[in-house]
Amino acid sequence: MRFPDNTDQDSALSVSLDFEPEAGPSSVALNNDLSAAVSNGNGHAVSNGHGGPLFSNGASSSTNGKLTAAGYASKGSHAISRVSLPGTKLYEDSHVDREEFVRLVIQSLRDVGYIESAATLEAESGYTMESPEVAEFRECILDGSWDSAEVTLSRLGVSDDESLRMARFLISQQKYLELLEASNVNAALHVLRSELAPLNTDVDKLHSLSGLIMCSNAEDLKSRAKWDGAAGVSRRQLLANLQRFIPSSVMIPQRRFASLLQQAYTHQRTQCLYHNAPYDSSAFSLYTDHHCSRDSFPSLTTHILAEHEDEVWNVQWSHCGRYLASASKDKTAIVWHIGVSLHPLRRPKTGPNTRDCIPEKVLRDHPYPVGCLAWSLDDSILLTSSEHIIKMWNPKTGLCVRELDAHTETVTSLVWLPDGSGFLSGSMDRKIILWDVDGKQRDTWGTTVIRVTDLAVTPDFSRLVAVGIHHLPSSANNSAVTLQDGGTPPTGAATQASTERRRDVENRLIIYDLATKQQEVSIRLEGELTSVKISQDSRYALVNHAPDEVQLWDLDSARMARRFTGQRQGKHVIRSCFGGVDGNFIVSGSEDGNVYVWHRDTGALLEALPGHGEGSVNSAAWNPKDERMFASCSDDCTIRIWEIPPPEMMEAVGSPMAEQNGKGKGRSRDGWDGTG
Amino acid sequence: MGMRYRQYLAGTRVYGCSTCRTHLATIHSMLSRAFNGQHGRAYLFEGVVNVVEGEPSERQMTTGNHTVRDIFCVKCGTTLGWKYDRAYEPSQKYKEGKFILERNLLVDVQ
Ligand SMILES: [Zn+2]
């Protein structure tokens, strides 16, 4: 918006600015405490008599009368002259439009309460944040002057009739709700019939609005309409909703500059490969691009847990992050207590984090190797599976509470429901069973299409994702197989039949609706699928796919979003997980003995961490309470705890370090190796 | 080395271990019923799954000298039959790489 480009008016402008001494309404975050949002310096909110909150920025309080027109006039002695600049861009070689930029700056200034600066900038640049009509419209909405609002709306450049109709509907809807809130049912009915009904073709919407008349009181109305009343943020919410029908060049979206900066932050964060800093940290400054260093990535083995007597197949952290459960081919599971890091005075001056890692309970009495582990939400129950048997343990006492014998083939997955009210088991016997916390069967998926090799539930409770093997109905021509007697060499028929068998098997990823147990999507994949995990936002499934990749599937679109390559899984069950702040990392085991780590959003391979001995790294698990720690387990019978290297290590990567002593409890060894 | 799930077979007829019902072979890969094992009748298969192979040993059979390995059920460890590594008689060469499962140790599974 430009003032008329009339040089005659230049001098007049600087003294006749008709600004109200208030911060722009865009300063009010919808969910923020108003007084907190406006307090600035020694400022105190004052009322301007028409309902909208006013904001003052310290020295120039409007109560002292300085900001009256006379006040401006009196400052006319240092009148601000308008600066005339060539072109329309912010810089000669930039794409940023100067007017847009300046208007956003003015908006930001008014938002925080630098009212005079904003006025000065408007005068100096010749741009106004918005036209008087917009300010008026905003005031009408915030004051609840619905008739004036409608009139002003028509002058805001709403481009098409449809948009105008929708905007009108939103305003009338607010009017209707406020009348109901004030128990003015007759007037509300009138609005419903004469304004809302003619404007809307959506019968359901009208129906639900008219139903609100039955509300017994204002509280009932608010809860059923999911609306917080005239005195709440509903008018500001309405303003935000109206925004999409009004050209943003006319009415600038709220806090626009901050939105752009937030986008820059998000962009920098997704580009930050080693990003592992909490969201609210000082890691983000406007002065420089954000970047997390590799130093804060847990690339160093700080502890080696060596108590198992055979391959370790799985690891799982308790929700409190202080216990680690491990499952082994040696027919035991171990509950490890992973202590807090020793007090700086008690630990060596140099060297990595030192903590006690104690095998607290060894859970024996499994008839076969242990495959799965799952901690209940409150960590009071640990589930293990051994072939077709599920066991429920008290991890504190190490005693088996219950043994569940409902599956007939290997149990391949155990997962608790997001609310902890029960758990699911999946098995090669094609059964998925829902159990309650007491180990009683609550529900079952019947016979699934696939032999389940793993399953997971989305945190939002909407979906169950299962992977497994689907045996196609045999298409082989059975009669063609001629049986030979022992003395006569057979024909090639049988050879053919055996290759036929392989083609009768396919691997599938199946997405179920958790509530209805109905299959949403079934996707055929090439390789064997050995693991599935769900992202925190419930949108993606992470799937290990033989022979050499981990895939990220978008559950909404049922498309593969990304693949992470480099790891090996020719024939073994290898598992992966999300890790770090916001699940920024993907970690997987591998048959080559390395732990693989990728950047989730770009798929870039960050680390192939060596250290484990002969055989596969079978699984990895990120500590849910410490974003700088994860565990891996291997055929080498050990579990490794990975943490960030100490600062001095950064200076001398690869230099031989003294073995840390004194932690000889159990057979856990404390050692560490450079990863350079 | 490493964790592996047992393989599952499908088809008109699947033979499993009589002790633990682990899937072993399908009728499609059966080459002959005319063999004899330690416990009577035995079948020759093109391929079997879920077995562990033992050390090779020389064995004199009615059809000549062979190098064979005992095969065990991967889950319960039962000795189920053997695998032919090598047949010395030219007429018996077709057995090389094939498997014998004893009929009395098999059960139909699905
Ligand atoms: Zn068996």
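The first residue you see is number 1, and the count goes up from there.
Just so you know, glycine gets a Cβ as well, placed from its N, Cα and C.
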Matching range for TrEMBL feature annotation, region 'Disordered', among A:281-302, A:479-500, A:611-632: A:479-500
Two-stretch contact, the repeat 'WD' (A:305-338) and the repeat 'WD' (A:582-608), at least three Cβ pairs under 8 Å: no
DSSP-assigned states of the repeat 'WD' (A:305-338) in counts, ordered helix, strand, coil: 0 helix, 19 strand, 15 coil
Long-range Cβ neighbours of the repeat 'WD' (A:404-438) (under 8 Å; 6 or more residues past either end): 371-378, 381, 383-385, 387-392, 444-461, 464, 466, 468
